[in-house]
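S.K.: Okay, handing you the structure first.
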Amino acid sequence: MAKEIKFSEDARSKMLKGVDKLANTVKSTIGPKGRNVVLEQSYGSPTITNDGVTIAKATDLEDHFENMGAKLVSEVASKTNDIAGDGTTTATVLTQAIVNEGMKNVTAGANPVGIRRGIELATKAAVDALHEMSHTVESKSDIAQVASISSANEEVGKLIADAMEKVGNDGVITIEESKGIDTSLDVVEGMQFDRGYLSQYMVTDNDKMEADLDNPYILLTDKKISNIQEVLPLLQSIVQQGRPLLIIADDVDGEALPTLVLNKIRGTFNVVAVKAPGFGDRRKAMLQDIATLTGATVITDDLGLQLKDTTVEQLGSAGKVTVTKENTTIVEGAGDKDKIAERVEQIKKQISETTSDFDREKLQERLAKLSGGVAVIKVGAATETELKERKYRIEDALNATRAAVEEGFVPGGGTALVNVIGKVAALEEEGDVQTGINIVKRALEEPVRQIAENAGLEGSVIVEKLKEQKPGVGFNAATNEWVDMVEAGIVDPTKVTRSALQNAASVSALLLTTEAVVADKPEPESNNQMPATPGMGGMM
């Protein structure tokens with residue numbers, strides 16, 4: 001396909017139009033009085049959202065050059081979302097402000113490379129200042145405040161705070177759709193994996209169709225148990241001690257399964273067999289997680305261990321195990337606390353090093369199961385459209401909360417960005433580098449200005465008043481009052497604010513140093529319409 005090339009001012013102005021079109025759409029959603037955006041779907045009802053990254057990803061412009069500008073803004077939103085999980089609208093607003101000011105100066109003859117250097121210096125100074133003013137998350141109420149602001153809903157804030165209190169900061173919190181209209185929280189304590197009993201005759205509670213084992217031994221192996229003779233000596237030792245047994249193996253079949261069932265029915269001893277969770281290398285890792293949690297040794301050829309030689313000392317144990325048709329839950333594993341902590345750190349390291357989103361998700365699930373449990377927020381709503389919108393809000397709030405736990409929080413509502421302007425203004429450089437610093441200084445005001453304008457006020461007036469206030473005091477656009485933002489519970493995670501600024505500055509600087517843009521040349525539409533057939537009386 002033929003290409004079309006635009007240079008210098010012509011190229012930058014086209015891309016700037018794309019930046020403005022997308023940013024103007026996204027920035028209408030910022031703040032407590034921000035509006036929603038309706039997105040057309042290829043099928044089903046439209047999506048109504050105020051989530052910046054969702055809007056950015058759904059936007060494609062007709063003009064190829066404008067679309068490239070829009071896609072660069074979309075990249076800022078996506079990157080911020082990947083790192084911090086929230087702050088995508090703030091990142092978009094900052095990008096537009098830096099690009100617009102920068103373009104004016106480049107058009108007037110400033111050197112874009114010098115401007116880029118100034119933007120980088122100013123961004124570093126601002127980020128350092130944000131870290132200095134950051135507050136550590138110390139209580140459940142801090143978590144609730146962060147989540148409430150992000151979701152614009154106090155109930156959601158309390159729900160997320162409850163979830164994090166129950167499963168810990170490293171715990172897995174998943175979001176599912178509820179069948180009703182209410183939003184609720186379910187917590188699964190202990191380690192749960194999606195494998196159920198191999199025979200329904202192993203249940204101990206016929207009403208609930210589940211097997212409850214109190215203080216059981218746990219046999220872990222990656223082998224298939226087909227011959228009962230392989231485990232007979234071990235079973236005899238367990239029968240003598242009168243304790244139940246949970247077998248987690250690659251599979252239990254052949255004569256072994258009916259023999260175990262028969263002994264269970266006769267009351268010889270209480271036993272439940274389940275298949276090991278996962279597949280391949282992930283199965284080995286999960287078996288080792290269970291072994292660490294319960295104090296067991298995995299009977300595997302990798303360690304040169306055989307089932308026939310297994311002793312009671314190689315078994316794990318737990319306070320309680322519940323097995324249903326679909327899930328197995330191990331509570332109060334008897335593993336060594338130091339070894340569990342060591343295993344947790346090992347998984348955290350793997351999470352930080354992996355580049356695959358799928359692997360990261362699976363590692364986080366394993367981490368949560370070792371750390372104490374899984375919480376499920378079941379989102380309810382009256383309509384499907386409202387349900388989607390509410391899910392987006394809760395996902396953002398959850399991500400923001402995790403970010404706050406990680407790096408702390410700063411005064412919200414754009415206040416922190418205005419508060420760091422002093423540190424940026426203290427930088428003294430020459431020429432175009434100083435111009436770049438001034439561009440960032442001006443851009444830091446933009447989120448507050450936009451929040452005020454979305455609330456129907458004059459943004460510049462609010463910004464000037466904010467500069468007169470003491471640090472930490474900001475404008476509450478929901479009530480039109482000046483308050484101490486932290487005391488009022490209006491806070492943003494430091495990681496979210498930092499990531500928004502860094503990503504906006506990075507892409508903006510690249511855009512300003514662009515000298516040529518190459519795009520596909522649109523092909524002329526071929527006129528393949530069939531000519532009207534004569535004699536049809538004009539019925540075309």
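Backbone N, Cα and C atoms are what each Cβ position is placed from, and that goes for glycine too.
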S.K.: Can you say which of 352-372, 520-540 is given as region 'Disordered' in Swiss-Prot?
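M.R.: My reading of Swiss-Prot: the region 'Disordered' range is 520-540.
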S.K.: From ASP10, ASP492, grab the residue that Swiss-Prot records in the same ATP site as THR29, ILE30, GLY31, PRO32, ASP86, GLY87, THR88, THR89, THR90, GLY413, ASN476, ALA477, ALA478.
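M.R.: Answer per Swiss-Prot: ASP492.
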S.K.: Would you count the other CB atoms within 10 A of the CB of THR90 (ATP binding site), including those on all shown protein chains?
M.R.: 28
S.K.: Non-local Cβ contacts of THR29 (ATP binding site) (under 8 Å, 6 or more apart, same chain)?
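M.R.: Result: ARG35, ASN36, VAL37, THR49, ASN50, ASP51, GLY52, ILE55, THR89.
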S.K.: Find, for the listed binding-site residues THR88, ASN476, the residue with the lowest Cβ contact count at a 10 Å cut-off, counting only other Cβ atoms.
M.R.: ASN476
